[in-house]
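Engineer: Grabbed the feature section from Swiss-Prot, which reads as follows:
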- 59-363: domain 'AB hydrolase-1' (DOMAIN)
- S164: active site, nucleophile (ACT_SITE)
- R234, D358: substrate binding site (BINDING)
- D327: active site (ACT_SITE)
- H357: active site (ACT_SITE)
Amino acid sequence: MTIIEERATDTGMATVPLPAEGEIGLVHIGALTLENGTVLPDVTIAVQRWGELAPDRGNVVMVLHALTGDSHVTGPAGDGHPTAGWWDGVAGPGAPIDTDHWCAIATNVLGGCRGSTGPGSLAPDGKPWGSRFPQITIRDQVAADRAALAALGITEVAAVVGGSMGGARALEWLVTHPDDVRAGLVLAVGARATADQIGTQSTQVAAIKADPDWQGGDYHGTGRAPTEGMEIARRFAHLTYRGEEELDDRFANTPQDDEDPLTGGRYAVQSYLEYQGGKLARRFDPGTYVVLSDALSSHDVGRGRGGVEAALRSCPVPVVVGGITSDRLYPIRLQQELAELLPGCQGLDVVDSIYGHDGFLVETELVGKLIRRTLELAQR
């Protein structure tokens, strides 16, 4: 896979064009001042796009990934992409984001591990950032994305769309920069992190840090990584991503194959969760998991803005808000609050799904309708 590096100039304009469709571009945005005042130097953001950029650059749709996603929204696995697109089929000719008309752009979020600057990246001293990587927020992620777009000569977007952490990013974008976006889709998220979410995320972080191979966060390059802690964190997280009824319908209390839980064997659901944990641990950096989990726990669109209600009511942008009926991580009451307080929302769209929080990824036909409606709003 070709990787094109793009470096911001003092004028903020692009020195090279967007990468070829589906290819990764590395955009160097320079130093970024974070919300807590820390200056993160030499920041790089990985970018992919699908569809052609219009001459007036007015057809950009930002697709924002969740916790363990990346810039690879759609397409097969391959070099640089250990898995197929995480929202495969959402962008392309005739797709909800119709690339015959729109230019879909996705980044790997700040703090990520698929080309963007994160804990596994090299700091200016040539050593991995590791434990020295600063705490970041959702607001910082949006600032980095916008800086990457500015480096490519894009200062406004037609729409931002995302679910879960991507939904938090979309919401921050809409509230912080309402003059630079025409519409938004906010899925399966709330206005701020809840106590339950913070508890869930901090427990996952604790599992990773309890692994002796965490090494205080400085395990990169040592030949050892906190894989076991990462797997446990993912097993716990996956339970919050799926619907309770769906899991019971699939597994109930059935033993795994020929194993007997009464003599030390596993239940089928244990095997399933172990598989999910191992799958993520093979492709995702534990340090990034910690940094992004902490960013999610910091999510609060009302911080510094007079609270959630004041922040949401200040946003005039047309917004589609969607929630999943069986979501137990971001229950539908959280999206109801968004729908009631955002002036540009015409009411909550409910996706009836058994798949829990992951419904925003699984129910592509239903979610696709929400994407199409969002882009209709962007054309008004």
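Note that the numbers count up from 1, one per residue, in the order the chain is shown.
Cβ atoms are placed via backbone N, Cα and C, with glycine included.
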Engineer: If you measure from the CA of D327 (active site) out to 10 Å, which recorded positions from the list S164, R234, H357 are inside that radius?
Structural biologist: H357
Engineer: Across all chains shown, how many C-beta atoms besides its own are within 10 angstroms of the C-beta of H357 (active site)?
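Structural biologist: H357 (active site) is surrounded by 27 other Cβ atoms within 10 Å.
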Engineer: Tell me the Cβ contacts of R234 (substrate binding site) under 8 Å, same chain only and six or more apart in sequence, or just say none.
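Structural biologist: Set apart from R234 (substrate binding site) by at least 6 residues yet with Cβ under 8 Å, we have Q204, Q276, G277, L280, A281.
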Engineer: Would you pick out, from the recorded positions D327, D358, the residue whose Cβ has the largest number of other Cβ atoms within 10 Å?
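Structural biologist: Top count of Cβ atoms within 10 Å goes to D327.
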Engineer: With every protein chain in view, how many other Cβ atoms are within 10 Å of the Cβ of S164 (active site, nucleophile)?
Structural biologist: 25
Engineer: According to DSSP, does H357 (active site) fall in a helix, a strand, or coil?
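Structural biologist: Looking at the DSSP assignment, H357 (active site) belongs to a helix.
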Engineer: In whole Å, how far does the CA atom of S164 (active site, nucleophile) lie from that of D358 (substrate binding site)?
Structural biologist: 9
